Amino acid sequence: MSGYEINFDGLVGPTHHYAGLSFGNEASTKNRNHLSNPKLAAKQGLLKMKALADMGMKQGVLAPQERPHVPSLRKLGFGGDDHAVITQAMRTSPELLSALSSASCMWTANAATVSPSADSADGRVHFTAANLNNKFHRSIEHETTSQILAAIFRDERYFAHHLALPPVALFGDEGAANHNRLGGPYDSAAVQVFVYGQQFLGGQVAPKRYPARQSLEACQAVARLHQLDSNRTVFVQQNPDVIDEGVFHNDVIAVSNQQVLFHHQKAFFNQAQALNEIREKMALLEQDLIAIEVPDQRVSVGDAVSTYLFNSQLITRPDGGMTIVVPEESRQNLAVWSYLNDMIQMGTPVDQIKVFDLRESMRNGGGPACLRLRVAVNDAEFNAINHNVLMNDALFARLNTWVDRRYRDQLSHQDLADPALLIESRSALDELTQILNLGSVYHFQQ
């Protein structure tokens with residue numbers, strides 16, 4: 001039996017705009033109210049997906065969500081027909097309309113936490129949609145996320161789906177952006193590493209400037225839901241000082257693949273102790289941790305955040321070597337680019353760099369790792385997936401044509417009140433569900 005890691009990238013939605021909604025994410029805040037280009041954003045994402053598929057990787061597509069989200073506006077007291085709801089919202093609360101038009105679901109690293117069957121007691125792949133309760137504009141995503149994941153991973157013999165945790169700070173959950181898995185082959189047991197920002201019950205250590213979006217209590221709940229073995233599970237606190245420097249998720253300061261953990265010197269609280277626990281638990285599986293620690297004197301936390309060096313993808317190529325996928329911003333920074341080129345000569349499995357232009361996503365605060373949800377499967381599970389969502393030449397061509405017909409090449413905040421945008425977005429998503437064979441996953445389809 002062989003194993004695969006499938007990267008499911010979020011397709012950027014038609015209402016992609018710069019609203020500066022994510023306090024603690026400095027790129028998001030800095031670019032507030034700039035003009036966006038939804039068509040370019042979607043095409044940049046598709047190019048990355050296709051390039052990885054062409055490398056021999058298993059690559060999937062996750063559909064965007066319905067925006068503007070009229071049902072949420074109705075819950076907040078706006079009435080009339082759908083166009084009236086949007087017009088009222090723009091007139092009296094444009095910030096709310098912006099939040100409920102956000103295309104932030106493109107960052108599918110926050111969609112869910114996924115545990116492979118090799119790690120779960122019942123031998124199934126487990127999914128828990130993230131509640132994302134720390135940010136209002138993202139807290140509405142989990143219901144549709146669950147429906148889309150269930151439309152892709154339908155067979156209950158292989159896949160188990162859990163509802164999001166209770167939407168309170170005690171169980172604040174940001175999904176796979178705070179979750180790593182370290183081990184050998186993708187279909188073999190591994191050590192799952194949950195990274196949290198704060199322990200809410202009895203914890204003393206917490207950031208001061210920016211919020212800790214992930215709680216220890218949420219990590220523990222997900223581990224229980226996924227039926228994980230405590231001997232192969234590690235809970236690690238992120239360094240609160242780096243959260244206060246803009247490291248809002250762990251995938252902004254660390255990334256893992258198989259036995260490799262690529263991380264900054266300041267990534268974790270009590271870092272040496274955390275790495276020792278990971279190393280000891282991997283040893284029980286006869287696996288050695290390869291920790292690539294970037295010294296602060298080579299790359300500062302500020303440079304790591306601005307270039308998204310660690311918000312990269314580490315992928316294993318069919319030839320067994322590893323490639324690090326970084327945004328163009330990493331190449332433009334002298335210190336970061338120098339370190340990357342030194343790293344691929346260090347004799348670790350990481351021996352190749354791939355650079356992608358993801359500027360539309362980066363300006364809103366999301367790099368390569370933000371855009372993808374990793375799902376490790378065996379042969380039987382792979383065959384049970386809805387294959388209409390897997391990237392190939394035909395799907396790439398079809399989705400590019402779809403984007404060309406359906407997306408605008410410029411969007412401002414004022415455009416969100418345009419009645420035509422709502423019609424355009426719904427028509428686009430309705431067609432997309434047919435292309436990807438998802439069924440009726442959106443509220444407007446039901």
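Just so it is clear, glycine is given a Cβ too, placed from its N, Cα and C backbone atoms.
Computed from a predicted structure; not experimentally measured.
Taken from Swiss-Prot, the feature active site covers E174 (among others). Within 10 Å of the C-beta atom of E174 (active site) sit 30 other C-beta atoms, taking all shown protein chains into account.
Taking all protein chains in view, 30 other C-beta atoms sit within 10 angstroms of the C-beta of H249 (active site). DSSP assigns H249 (active site) to coil, not to a helix or a strand. Under the heading active site, Swiss-Prot lists H249 (among others), citing sequence analysis as support.
If you draw a 10 Å sphere around the CB of C370 (active site, nucleophile), it holds 26 other CB atoms from the protein chains shown. What Swiss-Prot records for C370 is active site, nucleophile, and it gives sequence analysis as the kind of evidence.
What Swiss-Prot records for 19-28, N110, 137-138, R213, D251, N364 is substrate binding site. Proximity of R138 (substrate binding site) to non-local residues of its own chain (separation of 6 or more, Cβ distance below 8 Å) is seen for S102, S104, C105, N110, L132, given in sequence order.
Nearest Cα neighbour of E174 (active site) among the listed recorded positions (A19, H249, D251, C370): H249. C370 (active site, nucleophile) sits 18 Å from A19 (substrate binding site), taking the C-alpha atoms as the reference points.
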